[in-house]
Amino acid sequence: MGTSNDADYVAIDDSPSSPMQNNNVRKVSVLPLVFLIFYEVSGGPFGVEDTVHAAGPLLALLGFLVFPLIWSVPEALITAEMGTMFPENGGYVVWVSSALGPFWGFQQGFPALGGGVPRAVSSWGLTVILTYLNYRGLHIVGWVAVLIGVFSLLPFAVMGLLSIPDLKPSRWYVMNLDNVDWNLYLNTLFWNLNYWDSISTLAGEVENPKKTLPKALFYALILVVVGYFFPLLIGTGAVPLDQKLWTDGYFSDIAMIVGGVWLRWWLQAAAAMSNMGMFVAEMSSDAFQLQGMAERGLLPEFFGKRSRHGTPLVGILFSASGVILLSWLSFQEIVAAENFLYCFGMILEFIAFILLRIKQPNVPRPYKIPGGTAGAIIMCIPPTILIFVVMAFSTLKVVAISLTAMVIGLVLHPFLKFLERKRFTKFSVRPHLQHFDNEDSTCSLVN
């Protein structure tokens, strides 16, 4: 890494819990990985109705075409390059730690200690069921995501076919710039098109990640954009416009108008299944992130413990419990605070990406964004501007909650170092991880 902790670490012995020794664990292939990314980022068009409510059909449609170019494509490209440079669990935490040091790496990964901020709200019973599913193995979670994805997207294809006779293209061009709720519009777009970096936290569980990860990100990007744009195109073109009705759940009303009660029930069931898909995908991401942080010595060693199925047992339990603890907050409050914290995290990721390009130009990058360092800097400018725009729209309450969470992270890291010095808990570094020598820009393995 770029800098190292002052504490002396011991390498964990070659036990079955080590990912290098756990050869019987099945890895995730391209198709399941595509749908895991899909559920990390999107989960389908459920919830995008607010873009029409806030800005009308034309800006809603343009938003899901233009916004991915400004935000999603750069984030996915950075994830592809950095994920293949660091094909290990921990993802963006490892990137930031390698470029800026372990303190900032810990701040980047701190939200996962509370189970992250769930993109899907779950009940106690469902949490237990999905926790067990994650315990059984990530490859199982991936194929479940494929099945859920097909079931959740298929009713929109049927709705599209049934709505063809009623489509009126003139409805797509409605726009009134004097009556746009920019706060709702931008936050809805941002919330539904970010988190491409989340899949990097489980790169160590991917089959041949140096080839599979970039390919899966490319296919997932297409799936996400089409999965938003096509339903919006159908919904805004097939029924007369009433912007006040375009709120969460309005797609089920459109299904009723276009196809009848059977299509409405199918779409409502699809929304429920999509909620499950987002839940298991985020739980997997958070759990493997905590496990990867333990392997890097950023968390106590027990976070790196794996079950007999190769899954991060402690990380899964923390992720599930965090969701339950956060359930007392409204989903809108959680979303707003998460957007603010995510903006801060993305700034760290952009800085880490550029610094590693400058300081470690010779380290192998199986996938490398063309354009050199200058091109990398230019690519990061538009999304950085967007980050500050989104943060500027935050309310004082959201800023206060977010800053409180950040302060907790700033205090928690030195507290954990204190526990380590007093030998109350044990930290260690896996022997297979990449280590950078800043003086000659070479890469070696931690001994």
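The backbone N, Cα and C atoms fix where each Cβ goes, glycine too.
Curation plays no part in TrEMBL annotations; they are all automatic predictions.
Within the chain carrying the transmembrane segment (28-48), a Cβ under 8 angstroms from the stretch's Cβ atoms is held by residues 60, 64, 72, 119-120, 138-139, 141-143, 145-146, 148-149, 152-153, 156, 188, 191-196, 198-199, 202, 205-207, 212-213, 215-217, 219-220, 223-224, 227-228, 231-232, 248, 251, 270-271, 274-275, 277-278, 280-282, 284-285, all 6 or more beyond its ends. Summarising the annotation, TrEMBL assigns transmembrane segment to 28-48 (among others).
Among residues of the same chain six or more beyond the transmembrane segment (54-71), those with a C-beta under 8 A of the stretch's C-beta atoms are 48, 171-176, 179-182, 184-185, 188-190, 193-194, 221, 224-225, 228-229, 232-233, 236, 241, 243, 382-383, 386. Per TrEMBL, transmembrane segment is recorded for 54-71 (among others).
According to TrEMBL, the feature transmembrane segment maps to 140-164 (among others).
Residues or ranges marked as transmembrane segment in TrEMBL: 184-204 (among others).
The transmembrane segment annotation in TrEMBL covers 216-238 (among others).
The list of residues near the transmembrane segment (250-267) in space but at least 6 beyond its ends in sequence, with Cβ under 8 angstroms from a Cβ of it, reads 45-46, 49, 155-156, 158-159, 162-163, 166, 231, 234-235, 238-239. Summarising the annotation, TrEMBL assigns transmembrane segment to 250-267 (among others).
The transmembrane segment feature in TrEMBL is assigned to 313-331 (among others).
Here the transmembrane segment (337-358) has long-range neighbours at 2, 75, 78, 81-82, 85, 92, 95-96, 98-100, 104, 107-108, 111, 117, 187, 190-191, 194-195, 197, 373, 376-377, 380, 383-384, 387-388, 390-391, 394, 398-399, 401-402, 405-406, meaning same-chain residues at least 6 beyond its ends whose C-beta is under 8 angstroms from one of its own. Under the heading transmembrane segment, TrEMBL lists 337-358 (among others).
Annotation source TrEMBL lists transmembrane segment at 370-392 (among others).
Here TrEMBL flags 398-416 (among others) as transmembrane segment.
Beyond its flanks by at least six residues, the transmembrane segment (140-164) meets 28-29, 31-33, 35-36, 38-39, 43-45, 133-134, 227, 230-231, 234, 237-238, 251, 254-255, 258-259, 263, 266-267, 269-271, 273-274, 276-277, 280-281, 284 of its own chain at Cβ-Cβ distances under 8 Å.
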